[in-house]
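Peer 1: Dropping a structure here in structure tokens format, bear with me for questions.
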């Protein structure tokens, strides 16, 4: 017998939609208002800077001839499927776990859309200190990193099952 979807972690898929709307909306605004390489200072140490990333995080494999587009698209699809299965198997009350998975899925889908539609990922957040600049990234990357950090954090929190034992 199947369980009602709202009793599973899939109840948190609304967060995937929120991440996608914010991420794709921010990328749309950059594409409509910036030329490649344009920079606008927002605050000290933070710029908006339109960059194209043909690789993965930190432009890993960006100069590899194009095959990486499909490789990273496949990885994103695989991760999304695995995390959705994990959400289905988890309870809706496991908030931290499901929020983390939803953030990762939303970020992965945002970058997957870019990769498939444009052939590159639109990056725009340029954090810097002095002359040192961190790799330019986007809101999808931020959602993925926050989701991963929540998973790590959860590993340090006592579980309810351990308390009951």
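These residue numbers are counts, starting from 1, taken along the chain as shown.
Glycine is treated like the rest: Cβ placed from N, Cα and C.
When I checked TrEMBL for this same protein, it listed these features:
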type     : residues : note
TRANSMEM : 12-31    : transmembrane segment
TRANSMEM : 70-88    : transmembrane segment
TRANSMEM : 100-120  : transmembrane segment
ACT_SITE : 123      : active site
TRANSMEM : 132-153  : transmembrane segment
ACT_SITE : 141      : active site
Peer 1: Tally Cβ pairs under 8 Å between the transmembrane segment (70-88) and each listed stretch (12-31, 100-120, 132-153), then give the stretch with the top tally.
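Peer 2: The stretch with the most contacts is 100-120.
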Peer 1: Could you measure between residue 123 (active site) and residue 141 (active site) for me? Cα positions, answer in whole angstrom.
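Peer 2: Distance (Cα to Cα, whole Å): 9 Å.
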Peer 1: Mind checking which residues reach the transmembrane segment (12-31)? Cβ under 8 Å, same chain, six or more beyond either end.
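Peer 2: Distal contacts: 48, 50, 84, 87, 92, 95, 98-99, 101-103, 105-107, 109-110, 113-114, 122, 124, 138-140, 143.
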Peer 1: Is residue 141 (active site) helix, strand or coil when read with DSSP?
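Peer 2: Going by the DSSP assignment, residue 141 (active site) falls within a helical segment, counted as helix.
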Peer 1: Would you mind checking how many other C-beta atoms are within 10 angstroms of the C-beta on residue 141 (active site)?
Peer 2: 21
